[in-house]
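Have a look at the structure below, then the notes.
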Amino acid sequence: MEIIISDSPNDVAVKAADILQGYANRGATLGVATGSTPLATYEELIRRHTAGELSFAGCKMFALDEYVGLPIEHEQSYYSVIHNELSNHVDIDPQDVHIPNGLAEDLAAGCADYEQAIVDAGGIDVQLLGIGANGHVGFNEPSSSLSSLTRMKTLHPQTVADNARFFDSAENVPVHVVTQGLGTIQRAGQLLLLATGEQKAHAISQLVEGPLSAACPASILQIHPHATVIVDEAAASKLNNVDYYKFIQQHKPA
Ligand code: PGA
């Protein structure tokens, strides 16, 4: 894994945008994430697009997850979030923006269709990821199968509490979701996980320096051949080997 420790959340976003820009400009298939963390990266990508530095023409996007039962028009549906925070502001064909269907009558069939759509697109070239305070990626909560595919999951109460800030109250947060699995995520060509803030420091220490374990689903990055973790100093604050990760970055071969 490449561990990049940045001075500030803004610097995390700039570094993430630098990586994503290369993919976007070649019309790649991008795995996109919701939550607060990637928003600054999306702002930076939109800024670069508006400045004419970057095009999403020919790109495809696949979101990680979606709430079950939330109408897509709801402002907190991930359909709305991805469209409002990113895709509506750039030159991607709306037909090429894919979100798991949390309203399918047959959720299992909808999840299988989503897996197939990713395969039909030739796979995801780069998957952007946040991390939950409990180590989840996508909505793969602790105890998720490390080889799971897109399926319905039940949120952990901590995730419901964490996401209550987006809703009027915790009771309004849907408990069920559909999410790409840990096996789905591992098939992406590159994984790019971002984290900022002290509240992510424990999860980042488990991801980077803990065991490979379903107790920390993000630890699957340890067995991915091309995983990049970009964190700010606060999210890096519980890592034992910070100096070494910085040393590696300072001595990166040209
Ligand atoms: P956050 O969520 O970016 O809002 O902290 C990340 C996640 O739960 O995966």
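The backbone N, Cα and C atoms fix where each Cβ goes, glycine too.
Keep in mind that what you see is a predicted model, and the values were worked out from it rather than measured.
Taken verbatim from TrEMBL:
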- 24-222: domain 'Glucosamine/galactosamine-6-phosphate isomerase' (DOMAIN)
- Asp65: active site, proton acceptor (ACT_SITE)
- Asn134: active site, for ring-opening step (ACT_SITE)
- His136: active site, proton acceptor (ACT_SITE)
- Glu141: active site, for ring-opening step (ACT_SITE)
- Ser144: site 'Part of the allosteric site' (SITE)
- Arg151: site 'Part of the allosteric site' (SITE)
- Lys153: site 'Part of the allosteric site' (SITE)
- Thr154: site 'Part of the allosteric site' (SITE)
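Note: Asp65 (active site, proton acceptor) has non-local neighbours Thr34, Tyr78, Pro100, Gly138, Phe139, Val177, Val178, Thr179, Gln180, i.e. same-chain residues 6+ apart with C-beta under 8 A of its own C-beta. Under the three-state DSSP scheme, Lys153 (site 'Part of the allosteric site') falls in the strand class. One residue stands out among the recorded positions Asn134, Ser144 for having the most other Cβ atoms within 10 Å of its Cβ: Ser144. Between Ser144 (site 'Part of the allosteric site') and His136 (active site, proton acceptor), the C-alpha separation comes to 9 Å. Checking the recorded positions (Asn134, Arg151, Lys153, Thr154) against Glu141 (active site, for ring-opening step) with a 10 Å Cα-Cα cut-off leaves Asn134, Lys153, Thr154.
For Thr154 (site 'Part of the allosteric site'), the count of additional Cβ atoms within 10 Å of its Cβ stands at 13 [all protein chains shown]. For His136 (active site, proton acceptor) paired with Arg151 (site 'Part of the allosteric site'), the C-alpha to C-alpha distance reads 15 Å. Most Cβ neighbours within 10 Å, among the recorded positions His136, Arg151, Lys153: His136 holds that distinction in the structure as shown.
With respect to their backbone Cα atoms, Thr154 (site 'Part of the allosteric site') and Asn134 (active site, for ring-opening step) stand 14 Å from each other.
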